[in-house]
Amino acid sequence: MTMVNIINGPNLGRLGRREPDVYGSTTHEQLSALIERAAVEFGIKAVVRQSDSESQLLDWIHLAADAGEPVILNAGGLTHTSVALRDACAELSAPFIEVHISNVHAREEFRRHSYLSPLATGVITGLGVQGYLLALRYLAEIAGN
């Protein structure tokens, strides 16, 4: 059974409280439950993780790379700043989907650059928390589930 790693970066643990006009009212706990229910429906396993620590995100990406497992990554603000995160993602051999809840291209200029997008299999931005479910469905379909 396919295992998908959903990795959320800085400030995403504050979903539902931080800028709900931008990120919506769904909390991280609710998002995790949505993803876990969808994974069961799609016939795959999913583990949802969140950390404000770049070091922890790197560790999780390295584990996924070593296991050959797909990743759905919302690196938050590290998307625009972290070469280390980019280098870790370069080690991923399985599909990697970059997800952003808000449309980063309709926001501040500094949010429009991603160190991760050139490496990603695909990028989903601006579709709210549904972006995670779309990414999960895609990964399930290409895995044959």
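Just so you know, glycine gets a Cβ as well, placed from its N, Cα and C.
Residues or ranges marked as site 'Transition state stabilizer' in Swiss-Prot: Arg18. Non-local contacts of Arg18 (site 'Transition state stabilizer') by the CB criterion (under 8 A, 6+ apart in sequence, same chain) comprise Asn11. In this structure, Arg18 (site 'Transition state stabilizer') belongs to neither helix nor strand by DSSP; it is coil.
Feature annotation from Swiss-Prot assigns active site, proton acceptor to Tyr23; the stated evidence is similarity to another entry. Secondary structure at Tyr23 (active site, proton acceptor), taken from DSSP and collapsed to helix, strand or coil, is helix. Cβ neighbours within 10 Å of Tyr23 (active site, proton acceptor), excluding its own Cβ and spanning all shown chains: 19.
Summarising the annotation, Swiss-Prot assigns substrate binding site to Asn74, His80, Asp87, Ile101, Ser102, Arg111. Neighbour density for His80 (substrate binding site): within 10 A of its CB lie 16 other CB atoms from the protein chains shown.
Positions annotated as active site, proton donor by Swiss-Prot, on the basis of similarity to another entry: His100. Counting only residues at least six positions away in the same chain, the Cβ atoms of Asn74, Thr79, Val123, Ile124, Thr125, Gly126, Gly131 sit under 8 Å from the Cβ of His100 (active site, proton donor).
Burial estimate for the binding-site residues (Asn74, Ser102): highest at Asn74, by number of other CB atoms within 10 Å. Distance noted between the C-alpha atoms of His80 (substrate binding site) and Tyr23 (active site, proton acceptor) is 17 Å. A distance of 6 Å separates the Cα atom of Ile101 (substrate binding site) from that of Tyr23 (active site, proton acceptor).
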